[in-house]
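Only one structure is covered here, and it is reproduced in the block below.
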Amino acid sequence: MTVTSGGGAAVGVQIHQQQKQKQQQQQGRTVLPDFQKSVNLKYVKLGYHYLISNLLTLFLVPLILVTLIQVCQTTELEHLRHLWVHLQYNLITILTCSAVLVLGLTLYGVTRPRPVYLVESACFRAADHLKAPFSSFMNHSRLTGDFEESSLEFQRKILERSGLGEETYVPEAMHSIPPEPSMAAARAEAEQVMFGALDNLFHNSNLKPKDIGILIVNCSLFNPTPSLSAMIVNKYKLRGNIRSFNLGGMGCSAGVIAVDLAKDLLQVHRNTYAVVVSTENITQNWYFGNKKSMLIPNCLFRVGCSALLLSNKPADRRRAKYRLVHVVRTHRGADDKAFRCVYQEQDDAGKTGVSLSKDLMAIAGGALKTNITTLGPLVLPISEQLLFFTTLLMKKLFKADVKPYIPDFKLAFDHFCIHAGGRAVIDELEKNLQLLPEHVEASRMTLHRFGNTSSSSIWYELSYIEAKGRIKKGNRVWQIAFGSGFKCNSAVWQALRNVRPSPNGPWEDCIDKYPVEIVT
């Protein structure tokens, strides 16, 4: 058996400790265990969390018991008679207070935010003939004659390290030799993915298209006239007074922005259904040049689309999957580097593509820090907030040399849907948020199976978790998305029931194969 030097040293230390303990036992002395190794600090922290979270209850229960005992001891008839007389003389005061209380409750009921429910969601799954294995991808790239040998080698290396699998999809136009990135082909791609997702949504929710009151479509790079939202209105013959919106140029985080817009509109319009469609169009946005920073999107972005049915109808709570809890949006566009880190432009040869800056990960980290600073107080338990505040106080006021405390978001959320923008994005968030491999499993498997589907990726991830049967009633889901501008947006959902996967889901034919081991 071969033992590495590090492993051999560890074994030697362990043997030495065992011999020392044996000698001490033989000498009649008691040997104490090493508590730092025997006590799992995770459970200590969990106990602290439960203690702080229930601190108010621990104080209130004894107080209520003492009050009840006192009341029981003073229930004499004379005391009750004096109380009744006192109330008779203060009848006007009681009626006034009651009227004020009723008025206050009425105003609260009218002005409080209306709950927004996610009734159903659907994701598009392309036909098998649109799959793009690495070998086909490289052969097609070579046969186009647009790429230099160094560019082809660069794309091959990116593919091997990307975290993508062999079954991702590219549009029909990219399977032709030479490719046909025409306007007609781009429209055909948009219709295929949007109508495919919407057909599943309407079928699974039993919703009639004419019942939709709000329609929001987001697609960053393809914005024809008439708009994509108009294409949907025309296809499904939606009603004439529908409130439709088309969001363009907002990058991979636009799905959360669209949900936020729908939430605001549902606060204004009562008893309304809102449909949110999130997609990206590849046909006219494939880069045929040789600038390295603009070749990366070719290797990562793939076909995908999601469709959501949101409702503010109280009756839909019983059948809804989730309730929207929070949306937190962060925009770093005031900073020039952040603004240009994902930038559509022409290269020196006049070929258009999207350039990714080498500072992208650092900028994304800064945007995430700002976003979770806002989100943290809304979702973290009081125990985590106290630890964070104490560390900050020691550092700022007492100039103590302490590391910044990173809140444990695993205490606030049960599931994480991190935008599958690439393997590096998932790796960094797993490290910085101190997540476990199972927390980023949905993101890694979505990247492997479907690639970077832009703003719809977080919904493929949620669909993965549902297909695995992991969503239980009361679970909280955190969706995190990054996009050009530069933006970092978060959405928090709470499950209203044990969620089962919807029919004809994107993982229906392959969920049993996952998770798979990804070679790095």
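In case you wondered, yes, glycine gets a Cβ from its N, Cα and C as well.
Residues annotated as active site in TrEMBL: Cys252 (among others). On its own chain, Cys252 (active site) has Ser220, Glu280, His419, Gly421, Asn452, Ser454, Ser455, Ser457, Ala481, Phe482, Gly483, Ser484 as residues at least 6 apart in sequence with a Cβ closer than 8 Å to its own Cβ.
Non-local neighbourhood of His331 (active site): Gly485, Phe486, Lys487, each in the same chain, at least six residues away, with C-beta under 8 Å from its C-beta. Annotation comment: TrEMBL describes His331 (among others) as active site.
The C-beta environment of His415 (active site), restricted to residues of the same chain at least 6 apart in sequence and closer than 8 Å, consists of His439, Ala442, Leu462, Ile465, Arg470, Ile471, Asn475, Arg476, Val477, Trp478. Taken from TrEMBL, the feature active site applies to His415 (among others).
In the structure as shown, the Cβ atom of His419 (active site) sits within 10 Å of 30 other Cβ atoms. Taken from TrEMBL, the feature active site covers His419 (among others).
Feature annotation from TrEMBL assigns active site to His448 (among others).
The Cβ neighbour count for Asn452 (active site), using a 10 Å radius over every protein chain in view, is 25. The annotation active site is assigned in TrEMBL to Asn452 (among others).
In the predicted structure, the domain 'FAE' (110-397) carries a mean pLDDT of 94. Sequence annotations record features per position, and here TrEMBL assigns domain 'FAE' to 110-397.
The domain 'Beta-ketoacyl-[acyl-carrier-protein] synthase III C-terminal' annotation in TrEMBL covers 414-494.
The feature transmembrane segment is assigned by TrEMBL to 48-69 (among others).
According to TrEMBL, the feature transmembrane segment maps to 89-110 (among others).
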Checklist line | Number of other Cβ atoms within 10 Å of the Cβ of His448 (active site) across all protein chains | finding: 22
